Amino acid sequence: AGAAEDLSKEQVQMLRKAFDMFDRDKKGVIHTNMVSTILRTLGQTFEEKDLKDLIAEIDQDGSGELEFEEFMALAARFLVEEDAEAMQEELREAFRLYDKQGQGFINVSDLRDILRALDDKLTEDELDEMIAEIDTDGSGTVDFDEFMEMMTG
């Protein structure tokens, strides 16, 4: 799961706005029972139980109140996770485009095209190195798991 430092500037600003909205007394804290409302407002879906466990973990003194930093750390777990899922979906799409026969693998020349499309500054040597690292068995093909491992590793 994510950490607060993985949040984008926009996400931090969005969380700050939401936090301030629920910090009615401007004490710099929100009540832990507000957290699920805020997360839902931000379009997050989650299991209540997971949220309760997280709150217990973050609100260590059991005060029932969270400061902005604590709230951010908690929200990051949900927001960053969603980004990771979205990224995985995009990578799956990229993989599918090249796996035209739906065999579950692509050949290394297709992989080279994908890598070049993602980063046009890569040299041929760097591409060769990356491919050698992924295609560890030298089969000339890369399956989706190997591909994901390389892209997210």
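Quick reminder: no glycine exception, Cβ is built from N, Cα and C everywhere.
According to Swiss-Prot:
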BINDING   Asp59, Asp61, Ser63, Glu65, Glu70  Ca(2+) 1 binding site
BINDING   Asp99, Asp110  Ca(2+) 2 binding site
BINDING   Asp135, Asp137, Ser139, Thr141, Glu146  Ca(2+) 3 binding site
DOMAIN    10-45  domain 'EF-hand 1'
DOMAIN    46-81  domain 'EF-hand 2'
DOMAIN    86-121  domain 'EF-hand 3'
DOMAIN    122-153  domain 'EF-hand 4'
MOD_RES   Ala1  blocked amino end (Ala)
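Using a 10 Å radius centred on the Cβ of Glu70 (Ca(2+) 1 binding site) and all shown protein chains, the other Cβ atoms total 19. Classification of Thr141 (Ca(2+) 3 binding site) by DSSP places it within a strand. In terms of C-alpha distance, the listed binding-site residues Asp59, Ser63, Glu65 place Asp59 closest to Asp135 (Ca(2+) 3 binding site). Listed in sequence order, the residues Val29, Thr32, Ile58, Gln60, Gly62, Gly64, Leu66, Glu67 complete the 8 Å Cβ shell around the Ca(2+) 1 site centroid, once Asp59, Asp61, Ser63, Glu65, Glu70 themselves are left out. The Cβ neighbour count for Asp59 (Ca(2+) 1 binding site), using a 10 Å radius over every protein chain in view, is 18.
The two recorded residues Asp137 (Ca(2+) 3 binding site) and Ser63 (Ca(2+) 1 binding site) have their Cα atoms spaced 55 Å from each other. Residues 84, 87-88, 91-92, 95, 99, 104-108, 111-112, 115-116 of the same chain lie 6+ residues outside the domain 'EF-hand 4' (122-153) yet bring a C-beta within less than 8 angstroms of a C-beta in it. Considering only the binding-site residues Asp99, Ser139, Thr141, Glu146, no residue lies within 10 A of Glu65 (Ca(2+) 1 binding site) on a C-alpha to C-alpha basis. Comparing Asp110 (Ca(2+) 2 binding site) with Thr141 (Ca(2+) 3 binding site), their Cα atoms are 9 Å apart once rounded.
Within 10 Å of the Cβ of Asp110 (Ca(2+) 2 binding site) there are 18 other Cβ atoms, across all protein chains.
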